[in-house]
Amino acid sequence: MGLIEVIANDRLGTKVRVKCDSHDTVGDLKKMIAAQSGTKPEKIRLKKWYSEFKDHITLYDYEINDGMSLEMY
Amino acid sequence: MSLEDTNAMRVKLGLKPIQDDNSSQNNEKSAESNYATLKADEQKQRESEEQRVNIERTRNKLQLNKRLKGKTLGEDTGEDDAKKWAKRLKRKQKEAAERVARAQLEQDNLYTQDDSNYNESHLSGLRVGHNVDDFAEGKDHILTLKDGAVLDDADDELQNLDLAEDERGRERAELSKGVKARQYTGLDDEEFGADGAAKKPALLSKYDEELAGADSGFRLGDATAHTSKNTTDNHDNSTLTQPTEKLNKTLLSLDYLKNEQPSDFLKEGDVGFKKPKTKKTKKRSTRKAEVVDGDMQIDTSTSTHVEMKPPAPRERANLEHTNMIDDDDLQIALAKQRRDKQRRSKAVRQKKPEEIAAEIGELDEIDMRRNGEETEKEFDGKAKSLVLDDTSEFIRTVQMAPQQEAQEVHESVSVKKEPDLSVDGDQPLDVAADMDVTIEDVDGIKKEEEKGEQSYQGDGGFEKESTANTPTNPPTHTTHAKGLGSLLASLKQQGQIEALTPEQRERERVQSESLHFLADQRAREVVREEHRQRIRLDETKSQQDRDRELRSRDARSAQEDKEAFERNYKPSVDIKYHDETGRAQTAKEAWKYLNYKFHGRGQGTKGQEKKLRQIEMERRQMAMTSGETPLNVMGAFQSRREATGSAHMVLSVGNRGAAPQSDSLFDAGSRLEKRSGGSGNAVESVGNRAGDDTTASTSTSTLAPPEDNQHTQANGTSSFVPVGSSPAPEQQEQPAKSTFAPIGSLGASTSTGTGAGAQAGGLKLGGKITFGKRKSDTGEIKQQNKQPRLD
């Protein structure tokens, strides 16, 4: 519960800092990122190392905390 | 991007806004308040603790103050005059003196009590550190308390200084002798207890003393240890009288019933005897006796009658020839028993002396029929007693084995002379065996033994028979001393020279014909040349005539040659391939080899290895003992023979070729075999002499192990002729023209032209070696052989 700030970065020049709730789903996060970066949310893929995050699971469950950076493709 | 923007966007996107309000501030606040409360609590606790300690301290102080009652030094006592003080001091001193005096008096009383009622009972239970035996009789010994550590719980011990000194001296002497004196001497001595009874020594009993401490000594007043009742004060004059009943404990009573018939079995209440001691000497003696026995059996064993007799006569022989008679009474008693038994058995048999005499006469008659000293002698020996068993048989053959080889050659002729005594001599032998039981006198056996020795020491018939009957040599190569013939035979036996097939023979014939033709051709050529020369030198005719004649002659001779060529020239072509090592290749191998060569690549490593292995196998097979199979069957047969002690092995029974299953069957077979084996020489004499010396004939039967072959090869005769296949006529068929080739060419028999003669020579020598014959066949043969003698 609470506000966290996540950094999403594809290493091609797009880096977005997004404020979100830890109980948001990954899908919500993607929408936020899409709103900020201008790409479609369904095109965004979020990864940490080699595990891709699924849309219907919350950030809290993925243990994504404040200040973490995710890989965006 | 600020939080407000984010929230606006979230709302636009349909998400609920983030309530960021004070999540982090809340946390801080609570943490602060928590910390404050914790501090307050700690403070409170500290204060209460302080108070408690204070209370405690004051209470202690109060209690201390309670004890300090009365006047202090500084305070006034109230009776401060010196007179009173001195009085009190005096009184105190007097009391102390009185106390001391009283204690002294008590002490004095303790020591000055009258010693009239001090007796041995006061000392009873006190330990004396010496053996009772150490105290010499009629002497006073003063015992003192032994020194010991104060802290030890050990009870007091009395000791005599002199005796203790002696003991110590003895120990020192013992130690100075060294360790060896105490070690195991090799004598298994028993230890003897105090009462003289022997007891088994415990394991490493020599250390018992060191471990447990010397258990010498006794307790005063102990009834078992000593008997002196009149010890006064410290004087101990114990006597060394041992109770008599203890001495007599192990003695035996000496009276026994003399007239009682001693029985072989232990009766109830009898004193037993220790087994192991007596056994050792006895064993040795029996073994010795057995050797003597074996000698005795050797001359009798030629007879074929195998009936297991009870070893009674043997026992008697033992008694006679060993100096083991150490107990005359026992011998007498045994003799008595034996006589009783014999009398009884005689009564059962009801055989009269006349009958026996008649039988002996019969035997003599038979003996007379056989002319020949040796046989007579042996037969005598046979008639008297007969002890045969597998063990003795085996031992005998083993003993004979070395001699056998040496004598084989010389005896071959004399073996033939042996008459067939056991063919019809069976019946009287039975009688003889029966007689054995009725023989009463020991002298008879003695005589017989002497005879046995005679026939043993002189190179009598028995050894010959042993060579004929019981061949036990391991299969060996025939010695090549006999010459080329035996060498060829042995090579053939080993399969290094193969017998010719009919095709080969045919080809040989053709080849020899063609050779003839070539020789003829050459001769004709020579004749023609002479003619030609004569015509040329003929002056009577003109040149033209001469030319014409020559031409016509040439034409004619050419015609002749052509006809002869067509008629006679039949070349035999045999293409043989050899590999690098010189081995002959089969067609397949050759094809492979050429193929590899043609295609310019070799065999793989695996293939090469396989080939090498094959070559090695072939080489080994060549080097194998004659008559041996790759599976070592002959060796197995040999060991089996040694184990069973019989010279044969029953391979099959009946037409079905079934293997004998049970041991009993086998035993029965062995008995049969033994009988027939014993009569082997008889069979010999019946049998014809097969072939001359160059023919190596080998009979086939289960009775004939490989050395039989060798034997017969050397002799040129077969010992079991009627049994085996008769190879003699077959050898007569061989072409007479086949000639010997030099040995060198034997190895190169593969080459087409020259090997023919050598092969033919080998063939001429060769008999049939049929060890691997059908088992059913041999079984049948054996049965035929046995049948007449079964009844």
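Even glycines carry a Cβ here, placed using N, Cα and C.
Under the heading compositional bias 'Polar residues', TrEMBL lists B:20-36 (among others).
When Cβ-Cβ distances below 8 Å are used as the criterion, the compositional bias 'Basic and acidic residues' (B:39-59) is approached by no residue of the same chain that is at least six residues removed from its ends. The compositional bias 'Basic and acidic residues' annotation in TrEMBL covers B:39-59 (among others).
The compositional bias 'Basic and acidic residues' annotation in TrEMBL covers B:166-177 (among others).
Among the features that TrEMBL reports, compositional bias 'Polar residues' is placed at B:225-245 (among others).
Per TrEMBL, compositional bias 'Basic residues' is recorded for B:274-286.
What TrEMBL lists as compositional bias 'Basic and acidic residues' is B:407-420 (among others).
According to TrEMBL, the feature compositional bias 'Low complexity' maps to B:467-478 (among others).
Residues or ranges marked as compositional bias 'Basic and acidic residues' by TrEMBL: B:519-568 (among others).
The annotation compositional bias 'Polar residues' is assigned in TrEMBL to B:711-720 (among others).
The compositional bias 'Polar residues' feature in TrEMBL is assigned to B:728-737 (among others).
Under the heading compositional bias 'Gly residues', TrEMBL lists B:754-765.
The compositional bias 'Polar residues' annotation in TrEMBL covers B:781-791 (among others).
TrEMBL lists B:1-82 (among others) with the feature region 'Disordered'.
According to TrEMBL, the region 'Disordered' annotation covers B:162-195 (among others).
As annotated by TrEMBL, region 'Disordered' applies to B:218-246 (among others).
The feature region 'Disordered' is assigned by TrEMBL to B:263-313 (among others).
For the compositional bias 'Basic and acidic residues' (B:166-177), same-chain residues at least 6 beyond its ends with a Cβ under 8 Å from one of its own Cβ atoms are 130. Note on the compositional bias 'Basic and acidic residues' (B:39-59): DSSP counts are 21 helix, 0 strand, 0 coil. Look at the compositional bias 'Basic and acidic residues' (B:166-177): DSSP puts its residues at 11 helix, 0 strand, 1 coil. Residue counts of the compositional bias 'Basic and acidic residues' (B:519-568) by helix, strand and coil are 45 helix, 0 strand, 5 coil (DSSP-based).
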